[in-house]
Amino acid sequence: MNAAPATTLSAVWPAGTQRTPEGALRIAGHDLRDVAAQYGTPAYLMDEADIRARARAFKQAFSEAFGAIGTQADVFYAGKAFLCTPMARLLLEEGLSLDVCTGGELAVARKAGFPGAKIGLHGNNKSVPEIEDAITYGVGRLIVDSFEEIERVASIASAHGVVQGVMLRVKTGVEAHTHEFIATAHEDQKFGFSLADGQLMDAVGRVLKHPEALRLLGFHSHIGSQIFDSEGFAVAAERLIHVQLQVAQEHGIVLPELDLGGGFGIAYTDDDTPLTPQQLAEQLAGIVQRACDAVGHPVPHISIEPGRAIVGPAGVTLYEVGTVKPVHATDELTRYYVSVDGGMSDNPRPALYQADYTAQLADRTSDAAPVTARVVGKHCESGDIVVRDVQLPGDIQAGDLLAVPATGAYCRSLSSQYNHVPRPPVIALRDGGSRVWIRRETIDDLLALEVEEAEGEE
Ligand SMILES: Cc1ncc(COP(=O)(O)O)c(C=O)c1O
Ligand SMILES: N[C@@H](CCCC[NH3+])C(=O)O
């Protein structure tokens with residue numbers, strides 16, 4: 001008798017994820033039971049080919065769509081989504097640029113040999129050492145976020161005899177359709193110079209007073225994160241092109257660059273329907289062209305900064321189930337609390353943003369009737385939820401493996417050691433091999449930070 005064929009999972013999973021005829025999940029050719037046996041759980045798994053394919057898709061789609069309107073577009077991967085040295089090297093191999101926002105992220109880029117010219121440094125409160133590191137490393141663009149910083153960057157650049165390329169972060173006033181904590185362009189939040197109250201034009205004037213130290217490249221806007229339509233980008237682009245025109249009229253300078261930021265949404269569950277890189281690129285190119293044509297301004301060189309959309313869907317967290325507790329939530333509902341060996345320390349997004357995820361058994365299939373389950377972690381918080389609502393087989397039990405998809409972005413990078421739970425490793429899976437990108441943290445790693453009192457010391 002022929003075995004049942006492998007089935008391919010939905011787009012919430014890394015491309016090509018399958019359920020094998022034996023019932024286990026397989027990613028990049030790896031049976032997750034073998035991965036768990038080799039590396040332990042919990043573990044962040046990254047499908048390397050999937051990251052590469054998404055990086056390539058963005059690069060190609062944006063260069064084609066913006067090439068068609070007579071300009072170029074660079075893709076700066078937003079390192080905050082997930083960064084480590086091998087990831088930075090992968091991006092470099094794929095021809096992307098890199099957005100970092102702290103000295104720590106810059107240090108990873110340097111370790112990877114990422115050329116300074118292909119790096120942008122963000123941050124609303126960069127320290128003097130961070131600015132010095134960026135300038136001496138030759139970072140191509142520094143995205144300036146405050147009046148204090150204009151003077152700080154000018155004085156450091158001038159002390160090093162450098163004319164530093166800068167962009168101004170703009171608060172465009174766009175109300176992005178996303179969770180309040182990840183919307184970043186409305187007035188009442190910390191990022192950027194406001195367009196509405198004249199701060200931006202004031203900032204332009206102040207940058208232009210330092211021609212020996214600062215070169216104004218253009219404006220930068222990031223309207224927020226996990227956004228599914230291009231409406232907000234259209235409003236932001238129109239406003240930005242309009243001020244670029246104003247700069248041309250008032251100062252006689254045509255600013256060569258415009259950065260539209262990142263924030264492109266991904267599917268966390270099957271209810272989410274993100275745009276493809278090609279759809280995004282075509283829509284954004286149309287938006288920029290119309291905005292420029294409307295005021296007769298040349299189309300600037302464009303950059304975008306996707307983080308989540310490149311790395312998010314490529315990641316899956318693999319857990320082991322420890323307990324299953326049926327809870328009589330209401331007269332009608334028994335909810336099965338499935339506790340796994342990680343939780344809010346490896347994925348704080350549900351606690352921070354009420355983010356939705358899904359999950360599937362990774363070691364077997366089951367014919368048992370599905371039950372309403374909540375996947376929770378092992379931390380001392382009732383908000384320690386990994387997946388709020390998911391249907392899982394009623395015979396789920398201790399020892400089962402559970403996989404949660406779409407955890408490649410803002411999980412490892414937002415992780416903590418809450419309750420002294422060491423952080424999971426990051427394992428890169430590729431056809432024919434696997435490799436540890438970041439090893440599992442140990443209790444000794446955590447204890448090593450403590451400073452013992454020397455004997456005889458008060
Ligand atoms: C300035 C900037 N660029 C890019 C990003 C990347 O966002 P996302 O990972 O949602 O694409 C962020 C984070 O939201 C950001 O603050
Ligand atoms: N950390 C957020 C996104 C904000 C990114 C930085 N501006 C998330 O997980 O969705």
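Every residue gets a Cβ built from N, Cα and C, even glycine.
Within R308, R439, R440, the residue that TrEMBL lists together with R349, Y353, E381, Y410 for binding substrate is R308. According to TrEMBL, E305, P306, G307, R308, Y410 bind pyridoxal 5'-phosphate; the candidate from G232, G252, G263, G343 that the record adds to this site is G263. Only R349, Y410 of the binding-site residues listed as G307, R349, Y410 bring a Cβ under 6 Å of any atom of ligand 2; the order follows the sequence. With a CB cut-off of under 6 A applied against ligand 1, the binding-site residues P306, E381, Y410 are reduced to P306. Taking the mean position of the Cβ atoms of G263, E305, P306, G307, R308, Y410 as the pyridoxal 5'-phosphate site, the remaining same-chain residues with a Cβ inside 8 Å of that point are A78, K80, A81, S225, G262, F264, A309, I310, G312, A409. Residues G263, E305, P306, G307, R308, Y410 are the ones the record ties to pyridoxal 5'-phosphate, and the longest Cα gap between any two of them is 15 Å. With a cut-off of 8 Å between CB atoms and residues at least 6 apart in sequence, the same chain places M344, A351 near E381 (substrate binding site), listed in sequence order.
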